[in-house]
Amino acid sequence: MAITRWFFSTNHKDIGTLYLVFGAWAGMVGTALSLLIRAELSQPGALLGDDQIYNVIVTAHAFVMIFFMVMPIMIGGFGNWLIPLMIGAPDMAFPRMNNMSFWLLPPSFLLLLSSSGVEAGAGTGWTVYPPLAGNLAHAGASVDLTIFSLHLAGISSILGAINFITTIINMKPPAISQYQTPLFVWAVLVTAVLLLLSLPVLAAGITMLLTDRNLNTTFFDPAGGGDPILYQHLFWFFSHPEVYILILPGFGMISHIVAYYSGKKEPFGYMGMVWAMMAIGLLGFIVWAHHMFTVGMDVDTRAYFTSATMIIAIPTGVKVFSWLATLHGGSIKWETPLLWALGFIFLFTVGGLTGIVLANSSLDIVLHDTYYVVAHFHYVLSMGAVFAIMGAFVHWFPLFTGYTLHSTWTKIHFGIMFIGVNLTFFPQHFLGLAGMPRRYSDYPDAYTLWNTVSSIGSLVSLVAVIMFLFILWEAFAAKREVASIELTSTNVEWLHGCPPPYHTFEEPAFVQVQAN
């Protein structure tokens, strides 16, 4: 019975749970890889061996965290669990395809881990640029296995995106317009559209790289009339939307958390929030070359990409100030999810400010491939996406399980994690401004102090991760059941109790919309 339930599931709640468990496991693998990186960099001199093994670890860390931790948890886990409940749908539009979307991920993960285990591993960085990723600099099957891994993860995401778009547009009650759905639903809708439009470009780029490596084509080889810069354009046309794919569901979750713990019926500026997400989604597609300021673009091209990148700060600012306006005048409940949300707003804004710095092509020429860039994207991912995930998990855990997490320990966990990530990544701004380059396993001893501080911070974060596992165990051991839920009229996912029954909305929901 258990085998058929979990392997052949067509239930959105079960598949969401599978995604959450898989993402948590992958997150621990990715954390272990990051600790190896920080151990290597904690002092000058070699620890793990040569630069190849170091860069294999860096590459695997990036792929694991992006494709097997953040995306499965945010989109697969919370998306599957919450979206049918939030729109009153009995399940996803294509339940069996939903199951396939999940079960493509473990084989994909296996291929990625295999790529590290054969030959010398894929030490290309997650960008997999040729000619380093070509069949001379990376002979053997490692890069090919990485490419196949990305193909499977990409198919999984495309199928999931089709499923979410269809579900959200088609499975609402007839009386509900798209502009009456919760913000998390909007966030996942925009995310799904971004995935659907950007992933095929990545698939094309890495397939061309595969044929360059194995079938003697020369798409990226100047000797045969190709151009390695073409690969960069294809890769970043996917990977810039990808970073918005990683953060947009987080925006949606933060909107729900901030409104709920401010005691508000709805977030401030609902329509502004929706249009801001759509604007971010659109602008995310027309700024990709800001990752390529150092390849020798025309000055007018650089001027355009600088300006377009800065424009994204406007809808992002709309969202940040709307969250602050939602908090304003609220009856604030100081519970752990709100702490994660407040941490998110502050740290995501800091990461956004360093992003504005890097948007300037002239400054980016100097800062490109330094630790300043690493600090920037870890502020928006390690403290944006991850804080959103943690806040959402603590907020919706009672819905998923029927049990409550320990309120004091989750607050302590937040405090340790907050100190850990800031201690890890704030010093990296200094290293970058001092010119320390990325993706090197060793450094001159002038950089020792801040690298040591950063590595100590990573150990603090490790303590937080271990404490989180303890908090989970404690909740399931203590079995504190949920007493009551407030504000269910505007938080419809809670209407069926905690946890909700296996099948919800088996009959269509009756929705009466008041005329304004």
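Just so it is clear, glycine is given a Cβ too, placed from its N, Cα and C backbone atoms.
Annotation comment: Swiss-Prot describes Glu40, Gly45, Ser441 as Na(+) binding site. Feature annotation from Swiss-Prot assigns Fe(II)-heme a binding site to His61, His378; the stated evidence is similarity to another entry. Residues or ranges marked as Mg(2+) binding site by Swiss-Prot on the basis of similarity to another entry: His368, Asp369. Positions annotated as topological domain 'Mitochondrial matrix' by Swiss-Prot, on the basis of similarity to another entry: 1-11, 87-94, 171-182, 262-269, 401-406, 479-516 (among others). Per Swiss-Prot, topological domain 'Mitochondrial intermembrane' is recorded for 41-50, 118-140, 213-227, 287-298, 358-370, 434-446, and the stated evidence type is similarity to another entry. According to Swiss-Prot, the transmembrane segment annotation covers 12-40, 51-86, 95-117, 141-170, 183-212, 228-261, 270-286, 299-327, 336-357, 371-400, 407-433, 447-478, on the basis of similarity to another entry.
Positions of the features from Swiss-Prot, shown on the structure.
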residue	record	Cβ neighbours (10 Å)
Glu40	Na(+) binding site	22
Gly45	Na(+) binding site	9
His61	Fe(II)-heme a binding site	20
His368	Mg(2+) binding site	19
Asp369	Mg(2+) binding site	15
His378	Fe(II)-heme a binding site	21
Ser441	Na(+) binding site	20
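Ser441 (Na(+) binding site) and His368 (Mg(2+) binding site) have their C-alpha atoms 18 Å apart, to the nearest angstrom.
With a threshold of 8 Å between CB atoms, the same-chain residues lying at least 6 positions outside the topological domain 'Mitochondrial matrix' (171-182) that come near it are 84, 86-89, 93, 252, 256, 270-271, 274, 492, 508-513. Counted as Cβ pairs under 8 Å, contacts with the transmembrane segment (336-357) are highest for 228-261 among 228-261, 407-433, 447-478. His378 (Fe(II)-heme a binding site) sits 18 Å from Glu40 (Na(+) binding site), taking the Cα positions as reference. Same-chain residues lying 6+ beyond the ends of the topological domain 'Mitochondrial matrix' (401-406) with a Cβ under 8 Å from its Cβ atoms: 336, 394, 471-472, 474-476, 478-482, 498-499. When the Cα atoms are compared, His368 (Mg(2+) binding site) and Gly45 (Na(+) binding site) turn out to be 24 Å apart. Within the chain carrying the topological domain 'Mitochondrial intermembrane' (287-298), a Cβ under 8 angstroms from the stretch's Cβ atoms is held by residues 229, 232-233, 236-237, 239-241, 305-306, 308-309, 312, 358-359, 361, 364-365, 368-369, all 6 or more beyond its ends. Taking the C-alpha positions, the distance from Glu40 (Na(+) binding site) to His61 (Fe(II)-heme a binding site) comes to 14 Å. In the three-state DSSP scheme, Glu40 (Na(+) binding site) falls into the helix class.
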